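Residues or ranges marked as domain 'RNase H type-2' by Swiss-Prot: 95-311. If you look up Swiss-Prot, you'll see 101, 102, 206 marked as divalent metal cation binding site.
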């Protein structure tokens, strides 16, 4: 169900909005309307009455951008995880950018994979033709087919944090959020070096934490990308660079996962449900508990549940 938010503002702000969204204006304007604009995952409609309606998955984020400049803040907009100074510009969907995403963070078995992809604006129609979209709406076979083509089309940087290293870093006090931040930053830095002297118009990270927290996680890193970096939840729907990164990250994860299943000598389930507890218990019986760190993320509750099944 799409969100719908209305704010009350004034003619000056509405004129600023029209200017901001000038590349996204719709030829159609509803009765009593001043303009209608369509940006990724949000439609903005401004009315002569001073009301502005935001509709779509990113309605809260877009509304929050203008709520701060509106002179009538009494129509409060609910605080959104997308409400921050790192929100992408309205025109980002048509820009040449780097997008990054991660896969495997919610799976007990298997590694964490992070990929950064550079998509030139001219490549956007081709990516659409290849079927690039939110990887959650694609099965493993579709992911593989699209990924194999993407590998030859877009520059990318792919990182894999294997389970043993993941557990070692986690034991040293690095939570999953910090590990994700480190990998995203590394993948982005690697890719920017790879595509130099080409400079993207921006970097869009599929948001997994507040941007200020992300940069706190990177405080001790020598190289941190800060220039024109944007964060957005559901980044796949904001720019195809994130959708492409998501597909390549999942492709890498599936390949690693299959190798892990071969190593285990048994099929390993994805996710973190009950079937995972049962498989982990079988794996402990088969290979011994000392081998478990090679296959799983030990801090998940599934570890304790698996051992409980063996009692």
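Cβ coordinates are placed from backbone N, Cα and C, and glycine is handled just like the others.
Location within the structure of each feature annotated in Swiss-Prot.
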residue: 101; record: divalent metal cation binding site; Cβ neighbours (10 Å): 28
residue: 102; record: divalent metal cation binding site; Cβ neighbours (10 Å): 25
residue: 206; record: divalent metal cation binding site; Cβ neighbours (10 Å): 24
Residues close to divalent metal cation site centre defined by 101, 102, 206, Cβ within 8 Å: 100, 103, 114, 115, 184, 205, 208, 235, 242, 245, 246, 249
